[in-house]
Amino acid sequence: MSASVAVVSGFLRIPSIQKSQNPSFLFSRPKKSLVRPISASSSELPENVRNFWKWLRDQGVVSGKSVAEPAVVPEGLGLVARRDIGRNEVVLEIPKRLWINPETVTASKIGPLCGGLKPWVSVALFLIREKYEEESSWRVYLDMLPQSTDSTVFWSEEELAELKGTQLLSTTLGVKEYVENEFLKLEQEILLPNKDLFSSRITLDDFIWAFGILKSRAFSRLRGQNLVLIPLADLINHNPAIKTEDYAYEIKGAGLFSRDLLFSLKSPVYVKAGEQVYIQYDLNKSNAELALDYGFVESNPKRNSYTLTIEIPESDPFFGDKLDIAESNKMGETGYFDIVDGQTLPAGMLQYLRLVALGGPDAFLLESIFNNTIWGHLELPVSRTNEELICRVVRDACKSALSGFDTTIEEDEKLLDKGKLEPRLEMALKIRIGEKRVLQQIDQIFKDRELELDILEYYQERRLKDLGLVGEQGDIIFWETK
């Protein structure tokens, strides 16, 4: 699902994003604007949105007392307060019968075919089938869904070319390849043998559309629900000014004597009547992940990150010993480390680098006698040779990655400052700038470390001090027998 570039010593790779890609909230492209929202009560609202609001009213989900309603906003569609909304006040509640999740698929006509499918694949297939069914009970909701988002999975080849050199590009291509492989499997196992159940020929483009919808709009991390579309709730947009994602939504019982479940969405902040209601999608996602999942990026430098992949080569003569040590410290054959703009190196990264680089005279630390202490020893420099190697490998990896870009940070910033850019080009520029800044930061960290190699204290010196064999000036103490 990802591509990587091997560099230098063979134990460090510059990969695509390796974090889990769980579907979470929904698509939006936040922009600050003073444009007046067009609300659901207005005749200016698109007909499909008015029909959607009426459908929700007919379902008993909304009424004249509802505190928020759909509206045309700078991001596209959003939820706007009909009256003042207090902090942590419930904005909407959607009953389970209006959710779309794997259970919905199981109860549908195609349910018997989907038992062996991945949950997201089965829901994607359900969405596509219902989209082509004119009499679908979900018709009004499906008519509300966009044909695409600004997620990089929908970008053209020309647009993707603007991401040349970035990890986001390799991740996007890897994700698209993964989705295509899942579609080909689905086509052979389900679609072709069961043409009678599908009124229209389902294509790869349909499948990518459904994937993008789920990636951008589905809620996850809920009680018993890891993949669920919630009509109306999925109009809520993201605001970077909101710094908490706690308690914005939950699944709860409908009442004391009811077995029904409700999806409850709360406003994390006070909202005035007529203003848009926002939440925080995910505080931990990088800009590359935001671009892939939702189709937007933030200006916050803490969203800029780069993933270094470090692996123990199978050709290493000490492969087994190193793997045992890594696994005993909750790591593995490959380590993924996210370096964030302006922040220190992640915990465990230097230790893992030193472990992977261990060899020659330093290999004695791999002996079983050190099993319980080696990770602690690796917190500090082992030897000049070991430390010099990891500095060289990381710096060469950064230079290799930077050479993959056609432009400098200054050139990208000049383009960005001109303004009036297409949203996707603007996003690509910000991603390029962010990744290059972090690469330069990593390179500088290890460049500074190279300058300290002569003054660092290494394992042997620390050991001699522990034994009382080194004086205050660093000279070795000898005793002569009398």
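Each residue, glycine too, has its Cβ placed from N, Cα and C.
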Fill in the blank from the handout: substrate site partner of Arg217, Arg221, Asp234, Tyr281, Tyr294 according to Swiss-Prot, chosen from Tyr178, Tyr249, Tyr336, is Tyr249
Exercise for the section: Drop a 10 Å sphere on every Cβ of the binding-site residues Glu75, Asp234 and tell me which sphere holds the fewest other Cβ atoms. Expected result: Glu75
Practice task
Ten-angstrom check, please: count other Cβ atoms within 10 Å of the Cβ of Tyr281 (substrate binding site), all chains counted.
Solution key: 25
Practice task
Pick the one among the binding-site residues Arg221, His238 whose Cβ has the fewest other Cβ atoms within 10 Å in this structure.
Solution key: Arg221
Practice task
Report the member of Tyr249, Tyr294 (the binding-site residues) whose C-beta atom has the most other C-beta atoms within 10 angstroms.
Solution key: Tyr294
Practice task
Would you mind sorting out which of Arg221, Tyr249, Tyr281 (the binding-site residues) have a C-alpha within 10 A of the one on His238 (S-adenosyl-L-methionine binding site)?
Solution key: Tyr281
Handout entry: Cα-Cα distance linking Asp234 (substrate binding site) and Arg217 (S-adenosyl-L-methionine binding site), given in Å to the nearest integer
Key = 6
